[in-house]
Amino acid sequence: MEKYHGLEKIGEGTYGVVYKAQNNYGETFALKKIRLEKEDEGIPSTAIREISILKELKHSNIVKLYDVIHTKKRLILVFEHLDQDLKKLLDVCDGGLESVTAKSFLLQLLSGIAYCHEHRVLHRDLKPQNLLINREGELKIADFGLARAFGIPVRKYTHEVVTLWYRAPDILMGSKKYSTPIDMWSVGCIFAEMVNGRPLFPGVSETDQLMRIFRILGTPNSENWPNVTELPKYDPDFMVYEPLPWETFLKGLDDTGIDLLSKMLRLDPNQRITAKQALEHAYFKESN
């Protein structure tokens, strides 16, 4: 820690406190001080292993992890620092982003996700707060792999409930076999939010979250989602909803954009488009 000075607390994330600091050369970094659940046991070896994988991820759309400092009691991750995140931008952009901006951010998000999925790393906690942006319009994904290294928490460090808004229905219904499709669901939710300017499924509990999803996309059954009835939290008494036409809840997205989003937000994870496939979609071939 001696290398870094001028510590300024800039946030409390899901896993601990984030500081802005400078090194002796005047370069700015984001220091993420990880709170360990059981401090007496030290850092779990699984976390160390995951973090070492993160150091190997090198992509222009992923926040770079420069250094890992660990003592017996704490773990500090040294990341590149960016000034703003997508949530803050959406908060001030009433009615959503311009279509060219939304498309650029989505393309960058998918590029970073595709790279990580190719390297067998899941994010598991994608949301606008984890997407950092700079003045040049570059988007970088933060907190990659931390959900796996430290477990997806139920509450934030500040005792806020972790948002469920971007969580896939298979996870909400207790699936333990999750893979890359859970990230693609989150990407779809973020895409819709960039276009609409507000969250698509702002649930207040796991049950409410599922019902909000079903009210828009329809209630799943064995025909459109094989084996859904075997999920631990599937309820045969779920209210039955028919899917709504996409145009009714998406403003300002053309047909190719709707087609791409519909492939991201498939209820059945096995039917969801992959990041690599999404990058090849016609939506990115057309000019605005």
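Even glycines carry a Cβ here, placed using N, Cα and C.
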Taking Swiss-Prot at its word that Ile10, Gly11, Glu12, Gly13, Thr14, Tyr15, Gly16, Val17, Val18 bind ATP, choose the one of Lys32, Lys55 listed for that site.
Lys32
The one of Ile10, Val18 whose CB sees the fewest other CB atoms within 10 Å, among these binding-site residues:
Ile10
Where Thr14 (ATP binding site) falls in three-state DSSP terms:
coil
Which has the fewest other Cβ atoms within 10 Å: Glu12, Asp125, the recorded positions listed?
Glu12
Rounded to the nearest Å - Cα separation of Asp125 (active site, proton acceptor) and Thr14 (ATP binding site):
10
